[in-house]
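Colleague: What Swiss-Prot records for this protein is below:
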BINDING   Cys184  Mo-molybdopterin binding site
BINDING   His622, His645  heme binding site
BINDING   746-749, 763-768, Phe780, 784-786, Ser841, Thr844  FAD binding site
BINDING   Leu952, Ala953, Leu954, Val955, Cys956, Gly957, Pro958, Pro959, Pro960, Met961  NADP(+) binding site
COMPBIAS  1-14  compositional bias 'Low complexity'
COMPBIAS  26-48  compositional bias 'Low complexity'
DOMAIN    585-662  domain 'Cytochrome b5 heme-binding'
DOMAIN    688-815  domain 'FAD-binding FR-type'
REGION    1-50  region 'Disordered'
Amino acid sequence: MTISTTSSSTSSKTSSEKGDDLKGFSSSSSPASSRSSSATTPEPSSPTVLAAKTIESIDPFQPRKDYNENVLPAIPATEAVQPLTSDANTPDHWIARDERMIRLTGKHPFNSEAPLSELFSKGFLTPQNLFYVRSHGDTPRVTREQAENWKLKVHGLVEQEVELSIKDLKEKFPTVTLPITLVCAGNRRKEQNMVAKGLGFNWGAAGVSTGLFTGVYLADILDYCKPKNPLLSSFPSYDVAVPGRARHVVFEGADELPKGKYGTSQRLNWALDRCKGMLIAWGLNGEDLSPDHGYPLRLVVPGQIGGRMVKWLERIEVSDRESQHHLHFHDNKVLPTEVTADQARSEMHWWYDPKYIINDLNVNAAICSPDHDQVVNVAEPSTSSPQMLPLEGYAYTGGGRRIHRVEISLDDGHSWKCASIHYPEDLYRMYPIQGHEYFGTLDLSATEMSFSWCFWRLDVDVQADIIAKDVKVISVRALDEGLATMPRDMYWNATSMMNSWWFRVAVHREGENGNQIRFEHPTLAGNAPGGWMQRMNEAGLNPRYPQFGEAKAVESCKTDANTLAAAKEAKVDPKAIMIDPSKADTIITAADLAAHGDGEGPEPWFVVHGHVYDGTGFLKDHPGGDQSIRLVAGEDATEDFMAIHSMDAKKMLRDFHLGRLEKQDAAPPAATTEGEVLDLSKPFLDPKKWRATRLVSKQIISPDARIFRFALGSEDQELGLPVGQHVFVRVRSKNARTGETEMVQRAYTPYSGNTQRGFLDILIKVYFPSDAAATSAPAFEGGKMTMLLEKIDVSSPSDDLTIELKGPLGSFTYLGQQQIRWKPASAVRRVRKLAMIAGGSGITPIWSTLKAIADEVLDASNPSSPALDPIQIWIVYGNRTEQDILIREELERLRVALKGNLKVWHVLSNCTPENEANWSMGRGHITANVLRTHLPPPPAKPASEDELEDTLALVCGPPPMEKAVSDGLKQLGWDLQRCVVFF
């Protein structure tokens, strides 16, 4: 971006100053009613905001019942957001989110931060939609009715165990609101990962947000329950349990993770101290908590890292020992810098030392303006009106301490200037609120504790301070009231947490005659390339000890090789450690990859650096859940995998290596050419030749499902695809950036039958990309094939894109008249009963067979067909929610038309009595009992090997479902090899 800065005489207030002084607040905005949130707590109520008045009429230091935005920071309402297509195929598909948020761990789980400039522009209070999000798995889906009945259990070493609803909390204890800054311990982590990759993903400098949290003091709840025999001393060490002595308070949330629920703990003596400000909160900025931020109830611990603040809070236990939850030990630690990432993975003793745990935040600051890659046009020198450039940013610290000093250096730390500091939270000391209908007490006048960030600013003369002094870097550091400061040198650690070295922005003279200045931040959040640290790495320099400009080496910054090696991972080629040497020459064809490209199929394969890997064996153990693997099935996952995973994870990939993906020739294999005349009297498809087609229409079935229609050679041409078989679709497109032709190929089962002429319809789930920030690439670019099809303008064909079809392929075929060709040896059998079990998009191959059978029964135009008893068909179809059921109406129409010969049973895994009161079918998962109740019994064992059973089961769905179905069918007596077809 390019801006022109103002002169000192006309300098206007910047966005970061909104709410920073007594006259800089807008009275135009007010918080949205909590009724507008997607889910509400039992007593929705918006804060009352007074109409504009003159500031002179408002008495400071006098408690009031109203929130007055004339003198207090404007409360930001959650901005208009909706569920995103990038979440459509994840368990979080129902959550409304802001498309501007930068995703740090691919599509799922949702870990994100706002673009730094967007965050800073919002001022002191951050709207919920731009609040950073840290989640370890699926977000619990809590309905309003469930929230009204939500119970917080308080138990353990207490005189009185209780279960409290949110209504109970409001009635039993005083309501309190505090302005609190939340910070992820990984804030600014990517800077450490640019030195040596640690165990965590790439947070930028916007893993911080501030809001008004409303709830009750944790101390009030503990006083009510009365801890037994409390031990408040620091001796013995906190990792030593003293039986029967209440010493720790353990918190547990509702989120289910691979290694148990998320939980952590606080020392009892801290939890009993109201000065610590620990809240059990239900509100944020006058609204209910959003799902991503813990709806309906969470713990908030001012001055500590976000990892101590349990969301979706269900349980509080007073205990004689600290939390025993997995992530209480294996996360949120700053290990000694000598411990490499690999050591941290393999040497467990490091994680259990209480001296390495992170509680309080450390002092930190960042430059938010100028933004990364921002360009300032340099004005002609003027003595009367110098061109001024405001340097601005945030600073914070922990433990209730206050930032006392922010300093700026324009010469890499040789000299420093103090910036002015604005403390918006002090307005809640000058204008306290008591007895507010929503906030209760919002009054900092009785405490010196500081729980919020502050903003700093220093105006510099562009000519005198930047140009004349040939400034190469701008640095910022902050000091708190304990004189703790930000160090010059990075303290690298295996978790890459609590990074707080100087925040440096490189300065570049550009343009004709150097009439422009461009600013370069150290990194960009997530997987986005850019920043001076990456540039130094690529130049062979060490960004841990950066040198800006000429002759800027500082001897005291240097270190010996042994010290540096102890803090960095060994320089190894990550590509080499991911490859099994015995399979390095094994060639995997594009067709093989395409056959395993269904994210809900039994064996999802993916590509990293041109090699193919089978993710099946790691679906159950993947820390981010199996969705993270399924979402890249059949795709090139290089960017996401390399950016997120540690060297140890890259080594693990070798166990799943299959071989090298075949290279695609620049010229296409044999396909329809200009010189070839297509015989329209023959079927369109050819198993040995690609046939050119075009996309002629797209029918939207759901937010992430489409029926794509492809034209054949003529309106009367037959497709030539037997029922139950698949077709290859290949798309060639020209890369606008490189000019090269790229190819994507997938196998699909058609939605339309072979009787349809002139067209081929395919029902496809579209994998949409995650959204990018203004200058960053998306964490997930979407399904290559599905996004190519989605973006095609059917009304305006492009010469840069071609679509081709080839087929058929597959081992199962319905021949008609109750005849099926399948194994063994493509033998033909007559079937009388079919059990069809599908999950999600696995209904597609099931549908093609069902539709063909139904068409035969319902076709009255062919009286010569032999009269056969209709095939008896049972369908069990599993989905997450009712909205996820594909072709539901079509299934119902066939059920009615087939008059008792088709039975359909739907099973919803996310169906509960509260949100699906009218649902009359199955709930939960497809179990053996479901199969026993809603399918026919298995066929009798044939008298000889040559005799073929007349009953088959057809199965297609995600691997967990297929595994459960396999086990269930086997338990019920089905022969999986002879009688069960897995598509």
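For all residues, glycine too, the Cβ spot is worked out from N, Cα and C.
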Colleague: In whole Å, how far is His622 (heme binding site) from Pro960 (NADP(+) binding site) when you measure between their Cα atoms?
Modeller: 14
Colleague: Could you state the whole-number distance in Å separating the C-alpha atoms of His622 (heme binding site) and the residue listed as 'Mo-molybdopterin binding site'?
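Modeller: That comes out at 22 Å between the alpha carbons.
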Colleague: Using a Cβ-Cβ cut-off under 8 angstroms and a sequence gap of six or more, which residues of the chain neighbour Met785 (FAD binding site)?
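Modeller: In sequence order, Gly634, Val729, Val731, Val744, Gln745, Arg746 meet the Cβ cut-off.
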Colleague: Filter the binding-site residues Cys184, His645, Ser841 down to the ones within 10 angstroms of Cys956 (NADP(+) binding site), Cα to Cα, kept in sequence order.
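Modeller: Cα filter at 10 Å returns Ser841.
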Colleague: When DSSP states are folded down to helix, strand and coil, where does Met785 (FAD binding site) land?
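Modeller: Once the DSSP labels are grouped into three classes, Met785 (FAD binding site) ends up as helix.
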Colleague: Would you count the other C-beta atoms found within 10 angstroms of the C-beta of Cys956 (NADP(+) binding site) for me?
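Modeller: Cβ-Cβ neighbours of Cys956 (NADP(+) binding site) within 10 Å number 27.
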Colleague: Out of Cys184, His645, Leu763, Tyr767, Ser841, which of these binding-site residues is nearest Pro958 (NADP(+) binding site) by C-alpha distance?
Modeller: Ser841
Colleague: Counting only residues 6+ apart in the same chain, whose Cβ is under 8 Å from the Cβ of the residue listed as 'Mo-molybdopterin binding site'?
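Modeller: Set apart from the residue listed as 'Mo-molybdopterin binding site' by at least 6 residues yet with Cβ under 8 Å, we have Tyr132, Arg134, Trp203, Gly207, Val208, Ile305, Gly306, Gly307.
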Colleague: What is the separation, in Å, between the Cα atoms of His645 (heme binding site) and Tyr767 (FAD binding site)?
Modeller: 22
Colleague: I'm trying to understand the geometry here, so how far is the Cα atom of Tyr767 (FAD binding site) from the Cα atom of Leu952 (NADP(+) binding site), in Å to the nearest whole number?
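Modeller: The separation of the Cα atoms works out to 32 Å.
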Colleague: Rounded to a whole angstrom, what is the C-alpha distance between Leu763 (FAD binding site) and Leu954 (NADP(+) binding site)?
Modeller: 19
Colleague: Counting by DSSP, what is the helix, strand and coil composition of the domain 'FAD-binding FR-type' (688-815)?
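Modeller: Grouping H, G, I as helix and E, B as strand yields 8 helix, 60 strand, 60 coil.
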Colleague: Give the sequence-ordered list of residues that share a chain with Leu954 (NADP(+) binding site), lie 6 or more positions from it, and have CB atoms under 8 Å from its CB.
Modeller: Phe812, Leu834, Ala835, Met836, Ile837, Pro845, Ile846, Thr849, Val981, Phe983
Colleague: Counting Cβ atoms within 10 Å of each candidate's own Cβ, which of the binding-site residues His622, Lys765 comes out highest?
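Modeller: Result for the most crowded candidate: Lys765.
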